[in-house]
Amino acid sequence: MVAGLDEKLEPIFQDVLRRNPGETEFHQAVREVLETLGPVLVKYPELAEQKIIQRICEPERQIIFRVPWQDDRGQIQINRAFRVEFNSALGPYKGGMRFHPSVYLGIIKFLGFEQIFKNALTGLPIGGGKGGSDFDPKGKSDAEIMRFCQSLMTELYRHIGEHTDVPAGDIGVGGREIGYLFGQYKRITNRYESGVLTGKGLNWGGSRARTEATGYGAIFFLEEMLKVRGDSIEGKTCVVSGSGNVAIYAIEKAQALGARVIACSDSNGVVVDQDGIDLALLKQIKEVERRRLSAYVQERTGATYLENGCIWTVPCQIALPCATQNELTAKDAQSLVRNGCIAVAEGANMPTTPEGIHVLMDAGIAFGPGKAANAGGVATSALEMQQNASRDSWSFEYTEQRLKEIMVNIHRNCYETSEEFDSKGNYVVGANIAGFLKVGHAMAALGLV
Ligand code: NDP
């Protein structure tokens, strides 16, 4: 089902498998990139001589540490945390922290690897990194979250810094967690170093439009893909998986541009609301009350809740996977195709399986891969770092405008690169090659480090 590897790249991939046993998500992310790099080595043999691909697949540094903390009953709990500092050729390591029970080294490495190329695509001076913990924030009190974040930062602080490594949020890590992490960093170091974390609150160094950035950015990228096809998002029926940060703001921007968003989900089920998702209600339930999505239908009688349902069976013209990795399989892709879907833009990281991507592309669906389509989040984090460095604070309109320009540029870069490498309109090829070339040339220029 998936494409084969170039004969020069197969041994490199075999080496990645051998050196990183059991890390299936990392293998998947590496393979997807290597599948597109064959023509690059032909055009730029010096990158092969410099062993840039082998070097890029090996993180510069990996930190794994214990996080002990006490729960509200006084019981001692132990979690494991990770920070993978993957590549700093273009700038300080940059990438979020994920708190989810599924987290292990293979997930953090897949995310860190993707982050290298994504960050390169933004055109901003940021390297790639990622971190997280197998801590499950669900059902925890505020006080437990705070104690966990403080314990985690008590180790992490020695590895990060505004010029070294700048973490942010991801699944399970939002403004509340960034606050507790920043507070502990400040306390330990006795430095008000705003640029050490992004996703901060607006009155203590955060950037306007950062909360909205990943979701909005995915819609801006989608708009550009549709424009190429002489189409637009206006009047289209959309479904958005997830109901967290990325999903909520993808829904907000899609609705603002005239789309009808009729479904969203969480890990327990799917809400279908043919009248259009009531965004104010969704925000109240998820952001304010931190309840499960099933609460939506208690307030909105016209909507239905499908316990353990599959969102990709809901007929739509546009699908936006905004929850987690490998949530859209070949079978799901087939049902999207059957129902007349015309575009998929990935708000999440690697949400579509390789087989799923194959089905979508074969059917001629416009497909925006996460490392391009969801780059608006990290791009706006880099804008937050710029504001921190100049002790400035930009307006929402200005920051959103910068985000939009960045997304338009990423789209153009991916599209033109896909054309240059004889795969016009294939954004997977375009994103991988454009991102790789930027980092690869920088690595070559920096010598053997
Ligand atoms: P949130 O924690 O805010 O929301 C995650 C959403 O996805 C929740 O609705 C959650 O449901 C659902 N979800 C998470 N894990 C699973 C799972 N295993 N199965 C089914 N549903 C799941 O995270 P974000 O919105 O920040 O992140 C979503 C995706 O976007 C991730 O892939 C992340 O890496 C990516 N991303 C995020 C960026 C950001 O700026 N936040 C930037 C770029 C990419 P439940 O509550 O039931 O767990």
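Cβ atoms are placed via backbone N, Cα and C, with glycine included.
Not measured: the values here are computed from a predicted model.
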#### Entry: Of the candidates Ser294, Ser335, Ser381, Ser390, the one that TrEMBL places in the substrate site of Lys94, Gln115, Lys118, Gly169
Ser381
### Task
List those of the recorded positions Lys118, Lys130, Asn245, Ser381 whose Cβ lies under 6 Å from any atom of ligand 1, in sequence order, or write none if there are none.
Asn245
### Query
What is the interatomic distance between the Cα atoms of Thr214 (NAD(+) binding site) and Asp170 (site 'Important for catalysis'), given in whole Å?
11
### Query
For Lys118 (substrate binding site) and Asp170 (site 'Important for catalysis'), what Cα-Cα distance in Å is obtained after rounding to a whole number?
15
### Query
How many neighbouring Cβ atoms, not counting its own, are there within 10 Å of the Cβ of Lys130 (active site, proton donor)?
30
### Task
Fewest other Cβ atoms within 10 Å: which of the binding-site residues Asn245, Ser381 wins that one? Let me know.
Asn245
